[in-house]
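K.L.:
Please find one structure pasted underneath; my questions will follow.
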Amino acid sequence: MSVPMTATAVGAANTALVVKDPKIQLKTFNGFRNNNTCYSSTYSLLLHKRIHPFSSSTSSTLIRAVSTPLKQETSVETKRSKVEIFKEQSNFIRYPLNEELLTDAPNINEAATQLIKFHGSYQQYNRDERGARSYSFMLRTKNPCGKVSNQLYLAMDDLADQFGIGTLRLTTRQTFQLHGVVKKDLKTVMSTIIRNMGSTLGACGDLNRNVLAPAAPFVREDYLFAQQTADNIAALLTPQSGFYYDMWVDGEKFMTAEPSEVVEARNDNSHGTNFPDSAEPIYGTQFLPRKFKVAVTVPTDNSVDLLTNDIGVVVVSDDNGEPQGFNIYVGGGMGRTHRIETTFPRLAEPLGYVPKEDILYAVKAIVVTQRENGRRDDRRYSRMKYLIDSWGIEKFRSVVEEYYGKKFEPSRELPEWEFKSHLGWHEQGDGRLFCGIHVDNGRVKGTMKTTLREIIEKYNLNVRITPNQNLVLCDIRPSWKRPITVALAQGGLLPPSYVDPLNITAMACPALPLCPLAITEAERGIPELLKRVRAVFEKVGLRHNEFIVVRVTGCPNGCARPYMAELGLVGDGPNSYQIWLGGTPAQTSLARSFMNKVKIQELEKVFEPLFYNWRLKRKSKESFGDFTNRIGFEKLGEMVDKWEGVPKSSSRYYLKLFTDKETYEAVDAIARVENKTAHQLAMEVIRNYAASHQNGKSE
């Protein structure tokens with residue numbers, strides 16, 4: 001049956017079944033289950049019983065697929081958010097942005113502000129400045145797997161100096177952010193990125209964002225297959241209507257040839273997934289209800305925070321290491337809203353297994369299920385996690401199977417997960433090396449920026465950005481290792497063994513001054529915060545090499561994934577944070593809210609009793625996150641409430657550094673002048689000494 005499609009069409013699959021009115025209405029959302037917790041439906045059971053969310057077992061009885069729910073015919077217009085109307089009227093994300101960019105005003109209007117997100121940009125202003133707003137734009141690139149060519153890195157480095165604020169920011173989704181671009185320079189900057197093998201298309205907006213994969217350039221079957229799959233998923237879900245190139249390079253397209261399997265999967269409409277004869281066969285005019293995030297990885301490597309994504313994909317190989325298929329997880333997401341308990345962070349849960357030749361069709365089916373059924377009336381509830389939480393995983397699986405055309409197989413068993421930073425020197429497996437470099441908060445600036453530029457340019461290196469905001473230098477000849485190591489040390493980029501382990505795993509979002517959503521500090525505040533955490537560690541007797549996963553965000557949207565941290569700080573007021581506890585080092589457990597409205601100057605009153613009791617009462621090798629989950633929040637709260645300070649008997653001298661009390665006291669006196677502890681000052685001196693005498697042999 002042929003159905004005419006209009007600008008308001010949303011339900012491709014449903015139009016293939018029955019449509020009498022060409023104006024297709026949006027599905028009415030049925031609401032949330034009524035309960036008193038912020039985690040509803042069956043997922044609440046996973047959280048409160050601490051069931052391991054990576055369990056690969058699924059029901060032995062396959063759920064029979066149900067028919068895709070038809071949109072009810074109605075003469076009453078279904079409520080839609082303002083953004084949905086902007087998308088509908090935009091001619092595939094063009095109008096009125098194309099007109100707004102031509103005006104002399106330093107900013108763009110509300111509709112254009114929403115549309116430019118699809119092009120990879122946010123309008124911002126400096127909140128530190130008083131008086132008239134000084135508008136600028138943040139640009140975010142799209143780099144599947146975090147891959148950045150030598151040419152693109154050098155171009156981004158130049159653009160930061162010429163049109164930005166002189167810094168590059170590495171994001172938690174393996175992309176660049178370029179801040180401070182003024183409106184009149186947008187087209188120059190965008191076109192330069194495009195002409196240098198880069199893109200910002202879909203880095204923001206209601207569509208698939210950057211696809212994550214491990215940044216390590218191992219020449220191994222599973223890693224290569226994961227990265228190829230991430231590239232293919234990114235290509236499959238890239239917009240096709242040409243609005244991006246029309247806007248920034250006058251319609252000239254800079255696209256590489258797509259694999260045939262991507263083209264075939266995109267064009268396939270055998271199960272009613274596509275909009276026939278549409279410029280956007282998968283997205284239609286309305287695109288998705290909200291952002292959509294995908295990550296691909298290999299067993300054991302959870303460097304991508306797999307469970308925080310809408311879709312998590314894991315390569316499954318046979319005994320010979322040959323990839324056979326994928327386990328798929330669905331329904332993760334970090335964003336929430338303070339004081340609205342029906343919004344919450346959520347971990348993805350197992351959906352099932354598919355053979356490797358079906359992965360693109362399975363991913364497309366999941367995306368279409370969200371497109372057809374995700375809420376479009378209230379954007380706070382538009383992420384796929386809320387759809388799955390409302391339906392339950394069995395109904396969701398059944399509907400996806402209708403679009404997929406097959407049943408999902410039971411998930412395959414997988415080994416335990418661990419966080420892998422990929423920092424330091426490693427063999428790639430092809431005779432070359434890679435070097436993972438720690439970048440505090442992902443901010444490339446100053447001497448570090450100059451040093452990286454010189455090394456990357458001199459040795460013609462490609463790089464990769466990690467999901468933990470670090471940088472990997474790839475394809476290094478063994479003979480280059482020594483001079484590169486020396487150059488890095490001279491630029492202040494030390495091997496990971498010389499970096500405080502607290503910093504290695506910490507993350508923060510940019511927050512103030514440019515993010516319009518920030519309630520308080522994150523990136524600018526975390527360096528001092530980590531020093532304070534380390535000082536408390538020392539005060540309560542924890543060793544200098546011990547650490548916990550700390551993440552800080554300036555608002556509850558969760559860009560730095562604080563709800564997976566062992567200690568998450570989420571801005572909930574000026575100089576005030578919610579404290580979240582219970583994440584684990586492997587990123588497989590969800591933290592929970594422990595305390596609200598803790599002023600930044602009062603944090604030690606919470607940290608001291610928690611860290612002291614962790615040192616005193618933990619089991620062998622028990623992480624801080626596991627400790628807080630075992631003890632329970634009620635007892636932890638009592639520890640904080642009854643805290644009277646660290647008992648004198650718990651103080652200790654670091655005999656590995658100080659062989660006598662007199663030396664310790666002398667160094668301690670000097671350290672206090674600089675507002676540091678004796679141990680911090682001693683370690684700083686040792687690290688600086690080591691760096692200045694770096695001979696290229698240390699890794």
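Positions of Cβ are set from backbone N, Cα and C atoms, glycine also.
A quick note: this is a predicted structure, and the numbers were derived from the prediction, not measured.
The feature domain 'Nitrite/Sulfite reductase ferredoxin-like' is assigned by TrEMBL to 136-191, 426-479. Under the heading domain 'Nitrite/sulphite reductase 4Fe-4S', TrEMBL lists 232-408, 504-642.
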K.L.:
So which of 136-191, 426-479, 504-642 has the most C-beta pairs under 8 Å when paired with the domain 'Nitrite/sulphite reductase 4Fe-4S' (232-408)?
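P.N.:
Most contacts with the domain 'Nitrite/sulphite reductase 4Fe-4S' (232-408): 504-642.
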K.L.:
Note the mean pLDDT of the domain 'Nitrite/sulphite reductase 4Fe-4S' (232-408), expressed as a whole number.
P.N.:
97
K.L.:
Sort the residues of the domain 'Nitrite/Sulfite reductase ferredoxin-like' (426-479) into helix, strand and coil with DSSP and give the three counts.
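P.N.:
Result for the domain 'Nitrite/Sulfite reductase ferredoxin-like' (426-479), in helix, strand, coil order: 18 helix, 18 strand, 18 coil.
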